[in-house]
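One structure is given below, encoded as structure tokens.
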Amino acid sequence: MHSLTIGPFTKANGDIQIPGSKSLSNRILLLATLAKGTTKITNLLDSDDIKRMLESLTKLGVNYQLEDQGTTCVIEGLGGPIQADHGDLFLGNAGTAMRPLTAALCLGQGEYYLHGEPRMHERPIGDLVDALSSLGVNICYEGETNYPPLRIKSNGLSGGEVSIKGNISSQFLTAILMSAPMAQGDLTIKVEGELVSKPYIDITLHTMKQFGVEVDNQDYQAFVVKGQQTYQSPGEIMVEGDASSASYFLAAAAIAGGKIKVHGVGSDSVQGDVKFADVLAQMGAKITYGPTWIEAERGQLNGVDLDMNHIPDAAMTIATTALFAQGPTTIRNIYNWRVKETDRLYAMATELKKLGVDVIEGEDFIKVTPATTLQHAAIDTYNDHRIAMCFSLVAFSNTAVTINDPGCTSKTFPTYFDLFNSVVR
Ligand SMILES: O=C(O)C1=C[C@@H](OP(=O)(O)O)[C@@H](O)[C@H](O)C1
Ligand SMILES: C=C(OP(=O)(O)O)C(=O)O
């Protein structure tokens, strides 16, 4: 297996243009497909998760053209449900393709088989399947109950009322919300229990609005959507930079001497992960926001004890930033790290311990107590892009770090290590 050894570095300096947001890219691709009119999408992310969505759209007969090395996409909207009467779709490990497509394919008439990488078949989808079944869809598990692969025999989504559990993934609610306007009648979606990763619902509602659909959000406990609507293409739409991808560079500057300005994401962003910069500021970094940029500079970092349910992806960056703080850091309310690309609570704890630091892995929290010197380690990345990226920060310690399978960043950030190397010394 390929591995990459980096560091030790003492400086991180420069300007970084952050590639497009994964969450926005896949939402916009789907809504542009369903919308009336042609949409030109710019700054689209070019990464594995987006490729899986685009390949699926191709198989479903959607017409689009890619330009600018895959960062511009012109899509001919269908002005209604997907028309293909069948499809065998491989969604890799892309939650933002698997979950929304499962709901969207229920809108028309056809038979579809949805599957992915082995890990995708271990990531739960039962809450979404239950909700869709209660709206009249014939959807069944082709492997283990509650997990993909799925077979869908669709004949439209009825309106009415549906309940969906919110405690495992917000992507289930996102999936139903994006399909709801094309249901046969008005739909009230009730959220059962806690809703995790709430800011991603704001991304969903914001994108739906850009495509002409308003949702009545009743305090994130119920959502009322009018049925029989058609999404309208906004014509041209630009994808913001990915706030989770920005976190690694902001953290690098906060830890090392130097200053980094990330462009493409800032105080105007709709992505909850921009709040990562507030956590860095709370730890002691110097953070400045502009509407479309964020700048970070080193400060004396102190450990924090915080609920990070609202920034589950960027919270992984805090776990390795914690190595450079005074005192322990506890990241709380992150149970669903366990059902993402890997069991992230187990994986982060296991790899952090290899550096010689004291780590407590709780059922839904992690506590990292930094050590004065770190041991050199070869970090296993579990086919999880974020483990590879957040452990690159270890290169600012007394030792180099080896990242096994660095190519796994291709899920959301294929150029990560090139950009990282361009700003460090
Ligand atoms: O809706 C989205 O775009 C996402 C929601 C989050 O997942 P959960 O809602 O499963 O926490 C996040 O971790 C994922 O990377 C992207
Ligand atoms: C959890 C993630 O991905 P997915 O969209 O597949 O859920 C992630 O990117 O950290």
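For all residues, glycine too, the Cβ spot is worked out from N, Cα and C.
Please treat TrEMBL annotations as automatic predictions, because they have not gone through curation.
Phosphoenolpyruvate is bound by Lys22, Gly95, Arg123, Gln171, Arg386, Lys411 in TrEMBL, and the record lists one more residue there from Arg151, Arg344, Arg425, which is Arg344. Ligand 2 lies under 6 Å from the Cβ of the following recorded positions, listed in sequence order from Gly95, Arg123, Asp313, Arg386: Gly95, Asp313, Arg386.
Among the record's phosphoenolpyruvate binders, Lys22, Gly95, Arg123, Gln171, Arg344, Arg386, Lys411, no two C-alpha atoms are more than 19 Å apart, and one pair sits at exactly that spread. Inclusion criterion for the recorded positions Arg27, Ser197, Asp313, Asn336: a C-alpha placed within 10 angstroms of the C-alpha of Gln171 (phosphoenolpyruvate binding site); this criterion is met by Ser197. Here Asn336 (3-phosphoshikimate binding site) is positioned 10 angstrom away from Arg123 (phosphoenolpyruvate binding site), judged by their C-alpha atoms.
Put simply, Asp313 (active site, proton acceptor) is 10 Å from Arg344 (phosphoenolpyruvate binding site) when counted between their Cα atoms. Around the Cβ of Asn336 (3-phosphoshikimate binding site), 19 further Cβ atoms fall within 10 Å across all displayed protein chains.
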